[in-house]
Amino acid sequence: MANSPRPGTWILERSIDDQNYEPWQYFARTDKECLERFGIPATKGKPHYFTDNEVICTSFYSKLTPMENGEIHTSLIQGRPGANETSPELSEFTKARFVRLRLIGLRGTQEPMPRWLAQDIWKEKRLFYSIRDISIGGQCVCNGHAENCRHNVASGHPECECSHHTCGPNCEKCCPMYNQRQWGPGSARDARQCLPCNCHGHATSCHYEEDVDRSGLSMDIHGTYQGGGVCNNCTDFTTGINCEKCLPGYYRPTNTPPDAQKPCIQCNCEVSGAASTCVQYGETAGKCMCKEGYTGEKCETCDVGYTGFPDCQPCPCDAKGVKGIDKCEEGCICKENVEGKYCDKCKSGYFGLRNDIEEGCLPCYCSQVTTLCESALVKKQTVNSLKEWMITDLKVTKVVKPNWNGQSVFSLGNYGDFSGNSGDGMGTRSFYWLAPEEYLGNKLEAYNSNFLFKVQWVVMRGDTSGEPTRGPNIVLIGNGMKIGYGDDIHTSSKMTFQLKLNEIGWYHIPQSIRDVTKIDGTVYHGAVVTRNEFLKLLSNVSNVLLRSTFHTDQIESLLEEAALNIDDDEYGYSSVERCSCPSGYTGLSCESCSYGYVRILPNMTTTNIEQSFCVKCDCNGHSPSCNSDTGECSCQHNTMVIS
């Protein structure tokens, strides 16, 4: 074998199956030939790369000289962006089981050459390819998870000795129980070790799910919801992402951990009243889930409103009106304000039959002018506004306008103590947010509805002698009454307050008290508010006050929300009454005088609606109506009122 120059035009190719080859690198005699033959612009000078899988064309190794003993050193990794830390693209690009050198063009026949060879008529017969040695350096494809590999005699292919809990001939996947995070190739910087799944000892394999990882639904072995491991084929009657649950029809006994050898026990619910399943977790785990009409640990008795075990049938009694745990074997025993053979209707003077009322029905209020009423259907509405709120004191003797920036903000330092209109000079540091018109007036429809407000406040910085204050969180004023709810101390800087608008928890506040921060709580805590009193006040709300000050060194208050949601009654609005009013009266609770009637107060010093009555306007037949409060007629027929 003789020597020859290096080949002029050729392609270095790779393949996995020895059938389909792809180019690794193109070699051409000139830069021009790169473009003309291979359609790739030549890489100038010594080969270099812009990406990890770029296929280049170069003429750097195709020079005519040396005429013999020429060498070509081609590196597929050096000079690429991922040379120091393998990328997935570079790993895939350098992967091959077969390498082919496709020689396309000689050097010499159409190019300047030494004179002695150019004059030789046999020159074309003297040109040939001569390859003396081929050295290919490589390593097993182990994806950065093995340092060694061995030849598998059975398969005829090399296999990696995998680490990092990876498996497969090329360490291309995580081992069966190590899929808590997604498999990835290892590198010098990050081994990308596969992590164990937490199956609580009830599975032998798991798989990774990206959605589970993103949603934080899989618990790792450290008890943290991190990763996407999902257990396969849970055993011991368990199920769930981490085999942490019991299959339907099984339960976990109280104080039994998920990794117990037998964490799930079959429900013993084969009795006639059970639904073949039971409570699976918690203090009542193992308690049978009963069919409708049955109750008890094993559904061994009839539920309230049913009779005839083991074939429980509905009682004819209305469960809302039945007293105690009556099973109706001996007839229906009604609650105090309920009547009827089946305890299904309220007694005269009562309304709103429902389960949660101890007496069964609520008494009719009706402003005490009638005892006939029924449940009202109230139109759903919400009052929620932060505009036009003012700041005042407990007696509403002075009103100031706060700053507005999308929320109401009140800086106490700008106003100091309020001074009374009476000129007594007595100041106050007890401020309240004063509600605008939409929260006022007749609010009987709001009885038992949900009221929520949120406030924040700022306390002076530094070491001060100040302390949190106490006082009513909400105050309602109307119909000659002032009532308060709550009496709390708040040590944080914000409060969310929510309550049902009914009489529970309210107390009367004496009209003379202006600053609750300066007196003992027992002084402003008056008598408990009754239902009739609360309804009377709701019929004519003149002021709503929300607490604004919570600390003696407070410098600012912020009202964030004040929402009155009418229709919150989960029992179908049955807390609001609609009365059958006598002649001369109108309104849900007969709280107003009808058209053509005027309210008469027997004692001019009182404004108590329950001590007044409505009488027909006395206009001598010359006006169909009069002012409902003063009785002044709207005269017609050329008549007039004589003062």
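From the backbone N, Cα and C atoms, a Cβ is placed for every residue, glycine too.
What TrEMBL says about a protein is an automatic prediction, not a curated fact.
A mean pLDDT of 81 is what the model gives for the domain 'Laminin N-terminal' (1-139). What TrEMBL records for 1-139 is domain 'Laminin N-terminal'.
The domain 'Laminin EGF-like' feature in TrEMBL is assigned to 267-314 (among others).
According to DSSP, Cys299 (disulfide bond) is assigned to coil rather than to any helix or strand. Using a 10 Å radius centred on the Cβ of Cys299 (disulfide bond) and all shown protein chains, the other Cβ atoms total 25. Positions annotated as disulfide bond by TrEMBL: Cys290-Cys299 (among others).
Residues of the domain 'Laminin EGF-like' (315-363) grouped by DSSP class, helix first, strand second and coil last, total 0 helix, 10 strand, 39 coil. According to TrEMBL, the feature domain 'Laminin EGF-like' maps to 315-363 (among others).
What TrEMBL records for Cys334-Cys343 (among others) is disulfide bond.
Feature annotation from TrEMBL assigns domain 'Laminin IV type A' to 384-578.
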Pairwise CA distance, Cys343 (disulfide bond) versus Cys299 (disulfide bond), rounded so that it is a whole Å:
26
Give me the long-range Cβ neighbours of Cys290 (disulfide bond): same chain, 6+ apart, Cβ under 8 Å, in sequence order.
Gly273, Ala274, Ala275, Gly296, Cys299, Asp303
Enter the number of other CB atoms within 10 angstroms of the CB of Cys334 (disulfide bond).
22
By a simple count, how many Cβ atoms lie within 10 Å of the Cβ of Cys343 (disulfide bond), its own Cβ left out?
25
For the domain 'Laminin N-terminal' (1-139), the number of residues DSSP places in helix, strand and coil
22 helix, 24 strand, 93 coil
Where does Cys290 (disulfide bond) sit in DSSP terms: helix, strand, or coil?
strand
